[in-house]
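Student: Pulled these features from TrEMBL for this protein:
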type	residues	note
COMPBIAS	37-49	compositional bias 'Low complexity'
DOMAIN	54-138	domain 'Cytochrome c'
REGION	30-52	region 'Disordered'
SIGNAL	1-24	signal peptide
Amino acid sequence: MTLFQARNARLALFAAAAMLGLSACGGAGTGNAPSPAGGKQQANAGANAMQDRSYKSDAEKLFVEKCAMCHRDFGMGTVVLARRVEKGQEWLEKRTDLQADFVKTAARAGIGNMPRITRSDVSDAQLDAIAAYLEKAGRK
């Protein structure tokens, strides 16, 4: 057996021992503890979600679908903006200074910690609707 073959044999033995050791650890659902839902699927698992996902218009629905995960309650965008702008300005929907062109540029190019949003993520028509919604939302 060559040195190379011996090294490969040791690596294979180590990998097998590691997999055997990890398999002994078990995994989710291997214990006897009951599931949080009592083993039944909940009728509306989203009912207890912490983030508000309500909407009143088609444009707001797009904002909720495409942006709210970061730009509503507890979202990374809201948290990061809270550290960088005046109090109350972290909520995009409440801002009175947003211009639609700025929103579109920030989305397509990315800004700060926010990655750029591609046309495959949000179409131009969708982004136009979201930007127009944000421009007007805080001015109501």
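For all residues, glycine too, the Cβ spot is worked out from N, Cα and C.
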Student: What does DSSP give as the helix, strand and coil breakdown of the domain 'Cytochrome c' (54-138)?
Tutor: 49 helix, 2 strand, 34 coil
Student: In the predicted model, what is the mean pLDDT computed over the domain 'Cytochrome c' (54-138)?
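Tutor: Reported value for the domain 'Cytochrome c' (54-138) is a mean pLDDT of 91.
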